[in-house]
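Student: Sharing the feature lines straight out of TrEMBL:
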BINDING   A:GLU196, A:ARG242, A:HIS466, A:ARG507  L-aspartate binding site
BINDING   A:ARG242, A:ASP243, A:GLU244, A:GLN251, A:GLU500, A:GLY552, A:LEU553, A:ASP554, A:ARG555  ATP binding site
DOMAIN    A:131-573  domain 'Aminoacyl-transfer RNA synthetases class-II family profile'
REGION    A:220-223  region 'Aspartate'
SITE      A:HIS52  site 'Important for tRNA non-discrimination'
SITE      A:GLY104  site 'Important for tRNA non-discrimination'
Protein chains: 2
Amino acid sequence: MSEQIEERDYDEYRVIEPLGDWKRTHSCNEITAKNLGEEILIMGWVQFRRDHGGLIFIDLRDREGLTQVVFSPEHNVDAHERAHAIRSEYVVAIKGQVRERPDGMINKNLTTGEIEIVVDEWKLLNTSETPPFAIEDRTDAAEQLRLKYRFLDLRRPALARNFILRNKAAQSVRRYLDGLGFLEVETPVLTKSTPEGARDFLVPSRMNSGEFYALPQSPQLFKQMLMVSGLDRYFQIVKCFRDEDLRADRQPEFTQIDIEMSFVDEEQIMGMAENMIRTVFNETIETALPAEFPRMTFADAMRDYGCDKPDVRFDLKLQEASDIFRGSDFKVFGKAELCKVLRVPDGAQLSRKEIDEYTKFVEIYGSKGLAWIKVKEDGTWQSPIVKFFSEEECTKLQELTGCQPGDILFFQAGAADIVNAALAALRLKLGERFELIDESKFAPLWVTDFPLLEYNPDEKRYVARHHPFTSPQVGQIDELAEKPGDALARAYDLVINGYEIGGGSIRIHTPEMQEKMFAALGIDEEEARAKFGFLMDALKFGAPPHGGIAFGLDRLIMILCGAKSIRDVIAFPKTQKATCLMTEAPSGVASTQLRDLGIRLREKKEA
Amino acid sequence: MSEQIEERDYDEYRVIEPLGDWKRTHSCNEITAKNLGEEILIMGWVQFRRDHGGLIFIDLRDREGLTQVVFSPEHNVDAHERAHAIRSEYVVAIKGQVRERPDGMINKNLTTGEIEIVVDEWKLLNTSETPPFAIEDRTDAAEQLRLKYRFLDLRRPALARNFILRNKAAQSVRRYLDGLGFLEVETPVLTKSTPEGARDFLVPSRMNSGEFYALPQSPQLFKQMLMVSGLDRYFQIVKCFRDEDLRADRQPEFTQIDIEMSFVDEEQIMGMAENMIRTVFNETIETALPAEFPRMTFADAMRDYGCDKPDVRFDLKLQEASDIFRGSDFKVFGKAELCKVLRVPDGAQLSRKEIDEYTKFVEIYGSKGLAWIKVKEDGTWQSPIVKFFSEEECTKLQELTGCQPGDILFFQAGAADIVNAALAALRLKLGERFELIDESKFAPLWVTDFPLLEYNPDEKRYVARHHPFTSPQVGQIDELAEKPGDALARAYDLVINGYEIGGGSIRIHTPEMQEKMFAALGIDEEEARAKFGFLMDALKFGAPPHGGIAFGLDRLIMILCGAKSIRDVIAFPKTQKATCLMTEAPSGVASTQLRDLGIRLREKKEA
């Protein structure tokens, strides 16, 4: 059988034919026993060829699925003879009849598993060299290779499926918003450098030499302008850009579902957005999310989970132990700004090696160590630190945590942000370790009542937590000037399974409030005018009350697909070095191009 | 009345109130006599206030329309008193009852023209300074001012309407394509500089110093890659970028409806596209386009109209007179590469002054003069040139044109491209002058059988007329090498009313054909590999037969709206200097930003 293939190379049959008047009648995933006896025409790629019992079989693949095709010398001698030339990934068009597969060959896992096509005529539409990796769902090819040959990688059904779903989700979003009277309005890609936030990508202007456009980090100000102009309900599925050093799951360009509404409060925006997400889950993966998404304040999220995007699919909560240890002889706890404990029921089974690994792991977040107590079966505590505790401290700790034999307690003490970040990350690790997470479950959560500002120790000033156009909550205007750190924002984030998938706010819509905000941020009038002049103008001419929300589409699709990497939901993604291995972008350009733009490369020695 | 407003300024009433729990019940364009007696809540901008008979009237405006609101001291003393503070463009929320307008005040032109809202309670949501121009459909404000205050310009209903229609058209396109199994796939904005075509916008890479991304002129190669990857049917409504000197109706960023299909021929693509355009016209402006769009070859279009995008709403056709005058004593005609005549029935009424203006006009296209013949009522010819014609020439000219008393003939003779361009432009001018164009009509037309290549005298080589990936017609492969100028392409353009709104082709899908094409273009293997390496790789691994089309969305919307400028269908357009007057983009950036990017400004003296 397969040796036979090697004997001759059948090159004389490898003549590529034009389509002519051949037209497909079906996809490769729709012919079933209902079509028995029909004459059909399908086209696609040869997934696999095998020769068996004098017949040649191929699985023909297209975007939708597979159909088994059989070349039989009894049916058509010439078609069968020429089929010897077929190799994997050849492109062929098959005209033939639908017939039942022989009993032993029925494949219940395929839509087309009961039938096969016996070939009357066929055309070779293209040949293919042997691909650098097999086109199969399970692949062990290196990601580098797959990215270089992205056009082949995307043939793998497991990956192609993500883009079918992505399209479905985007159209579902559009249908939903369109139905509510939202207008999709395109905002500029060549825009002005925004001085707050992340680093901009810049585009030198040829016609205005020495000046630069910036690619938008978000259409924030444009969507506010559209509200000032009375368009009332805006949305856009839009590319945004951030020139940041790329963490594992970041891309320099990403897609946002950007939404803004006039004459509404946060309840209306959250209601609309919640229903949109519910609709998308329904229409793409047929999953019903809760009728009402639970809510949690930022303060509660930080207290119980140490972060503002808790994964609430499982229940482990942090507890604050600062009061117990304040002034303790155990100085590490006694002098800490914050001391928190995480009780893991049945966690005492963790080995010393595992605990050492967790200790290393929390160091990523700035932790200097991971204290722990195992509660033994007899109720006694095994721990490197317990000897430093007073009896009262032990009693209070037992009361606080209610720990039982078999449990383990983990501690972090020190600066609040490190304590929280370390325990939040450890909590997720432990959730996986003890299989506490139901991977089939989706747990949406609104996080609300964010602080308006946060102190930036580097810049020694308060900066906007969301952006400087977010409105403080009603009655918090005085806080803004007096205790800026205490003012709460009319802001909300939507979290699913521990990922922030969306966030938004009610915006400031009067010049007076915007001035107070800039003052709290230490931005003087001149600076405000230079940076946000047109916003300040716009607020003077009858801006309506308005607010909005933006969702990260890439992240949302990842969750819907269960994809592990953001690169699996972006057709042509970039590496962590921000390069495209297929097109080899970025690249050097001709010096004349630079001259036209009025720029030159900085010589290395000056760098 | 209006003097009364000036007496006091009512500043004490100008306190902006929060929305609280107020929610809109209706838009400003939906309350009719059916709602009489209902309690409603509307919000919007004050279009106009007038005081009359002790009452205060305002027209309240939102995106949808206008509703008349009346403040009556008999109904609510306080609401009426506070209403004295209201000025144009203030933002207010009105709670009130729907009642019939008094007889004399009914306005049949408004949906809401039979009713008014008598105010129970109202809130001032924002004040407004007096806008720099009135918010009215007819405006004589300079475009510069309107672009600076774009957020106010967009309040004008005539302009806002364009964006409502634009959204409708885009959603209609998406619905149509989605229904046919097209997947919308996002392709990168940060991509590789494309060496063929217009000038790229470049984006310096910070992480790969000295290298640049380019913004895409179109996603051409990406969509072909998606076909190679088997996604089968792709579309995208996508921003594209060209750094060209801007003609009146160009923008540096524009939006394309980009489409690609596998396993189809040009008939299937044209059929799909034609039906899409028909659907969009139906669903947006309720206009039925012809059941089958007429077709014309490129050669016929050039012959009869002098251009490849004829406006076929009117019938004037060019005629070739080269044969008549070849070798004529009238050297201007006798020695010309091409001589063409345009007969205008009843055109003899044109004054000398008008003819002089047309003579100037055709100079724009490189013409050196505009010869003409008026046929007088007695059948004799009045003309500055006829005295140079032989009798035979006159007879043949009469036979060719069939001109009648009252007609005028215009001539161009010289280089073919100038003759055609000048007469094509003159034809449009004359169509307007003699009101031959039915402005309410839409005349779609497919232009087909384009030449594959065209000779570029500057570069002294053939260049691709569409792009180097367009397939020659079947059987034209030999032409490609032997007479490259004669080879026809599998390309097609869709023209409506003389505007090219779309164009596409069947692509080359085998490495052999692509190599022949590069050879005809004088691109050697090394150059091809450097520029299009990944395309050539992709063609080796089983590319399916494929082709596509792209439409200019901005232009299509212009036609649907009847807009005169592309800036009227783009929310935040740029000027001809490629600047945004609202945001003041592009702008200077901090030197640290440039340093991060490894570039510096070229000093002026070097420029």
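Placed from the backbone N, Cα and C atoms, the Cβ positions cover glycine too.
Bear in mind that TrEMBL entries carry predicted annotations, made automatically and left uncurated.
Explain the structural surroundings of these features, please.
Tutor: In the shown protein chains, 19 other C-beta atoms lie within 10 A of the C-beta of A:ARG242 (L-aspartate binding site).
In this model, the domain 'Aminoacyl-transfer RNA synthetases class-II family profile' (A:131-573) carries an average pLDDT of 94.
Long-range neighbours of the region 'Aspartate' (A:220-223) within the same chain, counting only residues 6 or more positions beyond its ends whose Cβ lies under 8 Å from a Cβ of the stretch, are 187-188, 191, 194, 234, 236, 258, 260, 467, 469, 532, 534-535, 548.
Neighbour density for A:HIS52 (site 'Important for tRNA non-discrimination'): within 10 A of its CB lie 11 other CB atoms from the protein chains shown.
According to DSSP, A:GLY104 (site 'Important for tRNA non-discrimination') sits within a helical segment. Under a cutoff of 8 A between CB atoms, and with a sequence separation of 6+ in the same chain, A:GLY104 (site 'Important for tRNA non-discrimination') has no neighbours.
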Student: Between the Cα atoms of A:ARG242 (L-aspartate binding site) and A:LEU553 (ATP binding site), find the distance and write it as a whole number of Å.
Tutor: 15
Student: Could you round the CA separation between A:HIS466 (L-aspartate binding site) and A:HIS52 (site 'Important for tRNA non-discrimination') to a whole angstrom and send it over?
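Tutor: A Cα-Cα distance of 65 Å.
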Student: Do any residues at least six apart in sequence from A:ARG555 (ATP binding site), in the same chain, have a Cβ closer than 8 Å to its Cβ, and if so which, in order?
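Tutor: Listed in sequence order, they are A:TYR499, A:GLU500, A:ILE501, A:ILE566.
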Student: Considering Cα atoms only, can you say which of A:GLU244, A:ARG507, A:LEU553 is the nearest neighbour of A:HIS52 (site 'Important for tRNA non-discrimination') among these binding-site residues?
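Tutor: Ranked by Cα distance from A:HIS52 (site 'Important for tRNA non-discrimination'), first place goes to A:LEU553.
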Student: Can you grab the distance from A:GLU244 (ATP binding site) over to A:ARG507 (L-aspartate binding site)? Cα atoms, rounded to a whole Å.
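Tutor: Pair distance, Cα basis, whole Å: 26 Å.
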Student: Please give the maximum pairwise Cα distance, in Å and rounded to a whole number, for the ATP-binding set A:ARG242, A:ASP243, A:GLU244, A:GLN251, A:GLU500, A:GLY552, A:LEU553, A:ASP554, A:ARG555.
Tutor: 20
Student: Using a 10 Å radius around its CB, how many other CB atoms surround A:ARG507 (L-aspartate binding site)?
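Tutor: I get 25 for this one.
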Student: Give me the count of other Cβ atoms within 10 A of the Cβ belonging to A:LEU553 (ATP binding site).
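Tutor: Its Cβ shell of radius 10 Å holds 25 other Cβ atoms.
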Student: Around A:GLU244 (ATP binding site), how many other C-beta atoms are within 10 angstroms of its C-beta?
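Tutor: Taking every protein chain into account, the count is 14.
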Student: Within 10 Å of the Cβ of A:HIS466 (L-aspartate binding site), how many other Cβ atoms can you find? Include all protein chains, please.
Tutor: 20
Student: Secondary structure at A:ARG555 (ATP binding site) (DSSP, helix/strand/coil)?
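Tutor: Note: A:ARG555 (ATP binding site) is helical by DSSP.
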